[in-house]
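J.: Quick paste from TrEMBL:
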- 21-48: transmembrane segment (TRANSMEM)
- 23-508: domain 'Major facilitator superfamily (MFS) profile' (DOMAIN)
- 68-87: transmembrane segment (TRANSMEM)
- 99-118: transmembrane segment (TRANSMEM)
- 162-189: transmembrane segment (TRANSMEM)
- 212-231: transmembrane segment (TRANSMEM)
- 350-367: transmembrane segment (TRANSMEM)
- 373-392: transmembrane segment (TRANSMEM)
- 404-423: transmembrane segment (TRANSMEM)
- 443-464: transmembrane segment (TRANSMEM)
- 485-504: transmembrane segment (TRANSMEM)
- 512-538: region 'Disordered' (REGION)
């Protein structure tokens, strides 16, 4: 029956027009902010260590203790996981639009508050920073299921994958912007407040004004989010939620008539049919019927996102450690604090520009041509290949003559993560579940991903430490080394390739067809016809 509603058919066959691009920008700016806020922290952690954990007469600059580093890097992920589950559920209960503004305001307020951490002691600054970054992550978490669901429910069948992927691709620009802001701010302060290298004068190498640098970088994330708040509030509720969940066909038709700028009938005769058929497809998330229809699908979307994020976030958050290990970033003691921020940001921006951003937009270009399944399988395959190609001859890549080759190979793993599972794991959960559970199931899948991100973020901190206790960073126990860590990540990517076979292909199909929204309804309507002796429209 859902397939026969004129308002939903109109959305499925609508030509690409201005409102599609408006929705991409409005939803995408949230993801721009998400990526900026989640990844910019990796560019300032070394600076935080120099400012707040300096030790006189130490051979190396101060660094965050292991527990503090893990908390600063990972606390936003804890908040994101909680936000994905909570706002995913709330989006199905209250509606997408009502919840959408809440998440953005949380992000704006906590982005600003992250840079206003209270106190002067290391403990007070780190505690308040972690507190606000948790709630920042909570707001970011809500953006995942809501943005994906809203874009999928607005899009047409033909280009739905590209539209959802384009929203997610704004992450690439967010990562790029984070690097560029860090470069500009650190370069400006470096020019205004010159300082010697740490090995020349340890204390003078970190100027007092450096404390403003990390605060400005973190607070900048509030600007793009704040700019899109008004437009988010102007977006109407999605027709699929209004028609299929709220059961208000008249409102859905009115909203979409304005959006599509075509006349859509309210079809009042179908309101009675939907009301009478209600209950046939009202099974819950924990029911046997959901398990029968979508259990393997949810396992597939959650497991692939979990495995992908272990590899993706461990690489992204700790690029600076890998670049230092191969000599692409000079030893910390040969630079002052602001120079180190500048060089870390420059390296991460180069990776984003050459591999991360292009990978996202390759997915946008090809997802509706070759399908989600093929892109995800290909991405996991090449991530596995390149990870093992980096790991097995690791000593070869650390030699000075081969360092550029290492960076190229490392960039290719990022390219195929983004032209692969990093995009498709976001797209598919928004397409294959029923409207009343769509946001919840996307939130569960995304939360599984963030659980993987925490494994990658926390685990890689310890795992990548050298096996020789004398060469580990201060406060860290010996690990398995970068080479063995890369081998583990290669195995994780291979598992992701296997679990991809649980995920169905949704290319070119309507959301109702994929979610089997009206399975069982037609039989019920037929029975109603026979028993009531009147015509029930389907």
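Cβ atoms are placed via backbone N, Cα and C, with glycine included.
TrEMBL labels come from automatic prediction, so no person has curated them.
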J.: Can at least 3 Cβ pairs under 8 A be found between the transmembrane segment (485-504) and the transmembrane segment (373-392), with each pair 6 or more apart in sequence?
T.: yes
J.: Would you call the transmembrane segment (350-367) and the transmembrane segment (404-423) in contact, using three or more Cβ pairs under 8 Å, pairs 6 or more apart in sequence?
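T.: Judged by the Cβ rule, the two regions touch, with the required three close pairs present.
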J.: So which of 21-48, 68-87, 162-189, 373-392, 404-423 is most in touch with the transmembrane segment (212-231), counting Cβ pairs under 8 Å?
T.: 21-48
J.: Near the transmembrane segment (443-464), which residues from the same chain, at least 6 beyond its ends, have a CB less than 8 A from one of its CBs?
T.: 66, 69-70, 73-74, 77-78, 80-81, 84-89, 91, 141, 144-145, 298, 301-303, 305-315, 317-318, 321, 425-426, 429, 476-477, 479-482, 484-485, 488
J.: Sort out the residues at least 6 away from either end of the transmembrane segment (162-189), same chain, that have Cβ-Cβ distances under 8 Å to it, and list them.
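T.: Result: 20, 23-24, 27-29, 31-36, 39-40, 43-44, 147-148, 151-152, 154-155, 207, 209-210, 212-213, 216-217, 220-221, 224, 316, 338-339, 341-342, 344-346, 348-349, 352-353, 356-357, 359-361, 363-365, 367-368, 418, 423-424, 426-427, 430-431.
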